[in-house]
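For reference, the structure discussed in these notes is given below.
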Amino acid sequence: MPSAATPSRAAILGAFAIVYLIWGSTYLGIRFAIDSMPPLLMAGSRYLLAGLLLYGFMRWRGEAAPTRQGWATALIIGICLLSFGNGGVTLGEQYIPSGMTSLLVATVPMFLALLGWLSGVAARPTPSVALGLVLGLVGVYLLARTPGASHVAIPGHEAVGITLVLVAALVWAIGSLYSKKKQAASSPFLAGGMQMMCGGGAMLLIGLVRGEAAGFELSAVTTKSWLAYAYLVTFGSIVAFSAYIWLLRAVEPALAGTYAFVNPVVAVLLGWAFAGEQLTVGMLGGAALIVAAVVLVVLGGRKKA
């Protein structure tokens with residue numbers, strides 16, 4: 001994937017394919033990993049390890065050491081995207097199925113369009129954008145009324161999971177817009193490693209403060225969780241997160257956020273096929289409204305821009 005100022009169409013399409021498909025599968029990976037691992041300790045160590053590997057590799061390849069300001073920028077972006085963004089999603093998956101989680105994360109493009117307008121980056125929302133926001137809220141309401149599945153760690157608290165994931169999506173959008181204006185390093189891959197180190201380290205610290213290490217034993221981690229963890233470190237973090245950071249520099253943030261169109265389809269199908277998650281009428285209705293909403297918001301905002 002080139003780092004030139006004018007990336008090729010093939011590179012952009014390849015990066016989108018990586019983010020669309022791999023991130024769609026990570027919801028199930030997270031679900032399997034937290035079956036026997038504390039959520040924030042799992043997510044924090046996952047990104048910290050991935051960041052160390054990517055940062056070390058890029059420095060070995062000859063990338064210059066980042067500045068103090070670069071590290072400060074990486075800390076802000078890492079906390080937004082990973083500590084709050086991915087951390088909220090990971091915590092939320094204790095309460096709601098992976099498929100529903102991915103559908104709620106599909107609100108990211110809406111937040112990007114709305115925050116882009118409020119921050120002066122984009123134009124005032126068009127009628128189609130406003131309609132999309134309303135449809136999105138209705139879709140979330142339908143998801144909130146969907147009976148919880150028995151295949152979650154903490155059943156009976158769907159509202160908690162939905163709130164956690166929506167807040168995570170909002171903060172992820174804020175971090176994405178910020179990373180478009182501020183860059184931690186000239187290389188998007190070095191910057192990605194820095195952000196994963198900072199965000200993962202902060203998430204790990206939060207997990208320790210929450211007491212997640214109390215009573216946790218590595219010997220209790222199942223083989224399925226270890227395999228899921230390895231997949232999340234390599235493909236979900238090093239490969240897909242780096243591709244997303246690169247896309248934020250190559251295309252508009254709202255366009256980069258369209259991964260949320262495809263991720264729910266991948267996640268819902270994988271959750272149904274491999275985790276026994278149900279597909280209810282309410283969930284399908286909410287899913288259809290959310291997907292329609294993000295399409296209206298992104299396409300409507302692009303016409304006005």
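Each Cβ is built from the backbone N, Cα and C atoms, and glycine gets one as well.
Curation plays no part in TrEMBL annotations; they are all automatic predictions.
Summarising the annotation, TrEMBL assigns transmembrane segment to 12-34, 40-58, 70-89, 95-117, 129-147, 159-177, 189-208, 228-247, 254-275, 281-301. According to TrEMBL, the feature domain 'EamA' maps to 16-144, 161-298.
Residues in the domain 'EamA' (161-298) partition by DSSP class (helix H, G, I; strand E, B; coil) as 112 helix, 0 strand, 26 coil.
Listed as Cβ neighbours of the transmembrane segment (189-208) (distance under 8 Å, sequence separation of 6 or more from its ends, same chain) are residues 3, 38-41, 43-59, 63, 66, 70-71, 74-75, 77-83, 86-87, 179, 183, 237, 241-242, 245-246. Counting Cβ pairs closer than 8 Å to the transmembrane segment (228-247), the top stretch among 12-34, 40-58, 159-177 is 12-34. For the transmembrane segment (70-89), the partner stretch with the highest count of Cβ pairs under 8 angstroms, out of 12-34, 40-58, 159-177, is 159-177. The stretch with the most CB contacts under 8 Å to the transmembrane segment (40-58), chosen from 12-34, 159-177, 254-275, 281-301, is 12-34.
Ranked by number of Cβ pairs under 8 Å to the transmembrane segment (254-275), the listed stretches 12-34, 95-117, 159-177, 281-301 are led by 95-117. On the 0 to 100 pLDDT scale, the domain 'EamA' (161-298) averages 87 in the predicted structure.
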